Amino acid sequence: VGNYKRTVKRIDDGHRLCNDLMNCIHERARIEKVYAQQLTEWAKRWKQLVEKGPQYGTVERAWCAFMSEAEKVSELHLEVKGSLMNEDFEKIKNWQKEAFHKQMMGGFKETKEAEDGFRKAQKPWAKKLKEVEAAKKAYHAACKEEKLAISRETNSKADPALNPEQLKKLQDKVERSKQDVLKTKEKYEKSLKELDNATPQYMENMEQVFEQCQQFEEKRLRFFREVLLEVQKHLDLSNVASYKNIYRELEQNIKTADAVEDLRWFRANQGPGMSMNWPQFEEWSADLNRTLSRREKKKASDGVTLTGINQTGDQVSQPNKHSSSLSVQSNTVQSVQSSYNPFEDEEDTGSTVSEKEDNKIKNVSSYEKNQSYPTDWSDEESNNPFSSTDANGETNPFDEDTSPAMEVRVRALYDYEGQEQDELSFKAGDELTKMENEDEQGWCKGRLDNGQVGLYPANYVEPIQ
């Protein structure tokens, strides 16, 4: 009696299992979303680094193919996240709402119906069982009393102190106890027989209610199996055609990498095959002169010609990384623009083949695609009108560091070994002070904690929060 409560409790467990399955899917969807975001961030960051790094040609494109793969896979995982939440999660939520109906007083309608069904089916049999227990108890008590009466009678026969009247009473009590035993035994057997006769009907009624609970549970189990199969299909990207195409395309892009082709391109654009602008005799021109800063941090106005640079102060001892001191005639500007001079900055040259390719990419790495290397000579002019102080004693507007910038503490992300005397060297994790913001070519001016001042790649550090 009452053991049906385990079957009734299973209905409440079914509702809780629906919540557990929804939470399980929700957590997996969140993992898919985070993974997709991390793939996108990784692809964006490394795509910039590779595009502006020293790698070039077909190998560069093969390397970048990994970032394209990450972006496409990220989109697929976002689709997985959407399928899990918009389809599977919602499907379970709606099924749970339809299968379980809450009552005003708490609990579910289905639980109460099962409870009432079992109690109604068990009530008649439970009543007869109670009668059987009472009859059994009376019978056992009568047997105990009979045994006690017989024992007293036997002992009294051996006692000469007892008179015949007392002995007669003990014998009468034994007789009555025997009759009580017969009556209670008959009643016990009768009630037990009635219980046995009622048992088949009781079992039938209880099994009918149990089968209803089984059918309800079968619906839940089948639904869970259906949902889990759908979740498996959404998670299994191996059967998605676009997923296979991503890696087929990645393999093709990697196989297109050609070392011979890259070497041929480098020879034509950075080696002996590049166009040259050998020095020629140039007449001095006094028309519209301007000064080039060492790293082209400030742009001069249009319509001026190039003239020499007169570096003063501590700049004299620092080799120039990207520009040289040149003096050109106004009537030769056109020739300078039409050919590529390896000893000049990229902005002062014409649109060469390598320049057209590399102008498409923004500067994020410590290297440049067409990095211009410094010359071993300087063409200083003692009478340069644009030296550090002009005739009026005013500061040259084309000199570097005309106004101090706000200093910011930064931390190195990677190791960097200075390539020139005016560059800083540091290790990943070192802290330094940024003195100037990033220039057009991706360099910043900073100061190490030991007092050394110099240049470093802007994307090699991050601000200290």
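Glycine is no exception: its Cβ is also placed from the backbone N, Cα and C atoms.
Since we're looking at a predicted model, the values are computed, not measured.
Looking up the ranges 103-134, 167-198 in TrEMBL, the one annotated as coiled coil turns out to be 167-198. Counting same-chain residues at least six beyond the ends of the coiled coil (167-198), those with a Cβ under 8 angstroms from any Cβ of the stretch are 124-125, 128-129, 131-132, 134-136, 138-139, 141-143, 145-146, 148-150, 152-153, 156-157. Residue counts for the domain 'SH3' (405-465) under DSSP (helix as H, G, I; strand as E, B; rest coil) come to 3 helix, 26 strand, 32 coil.
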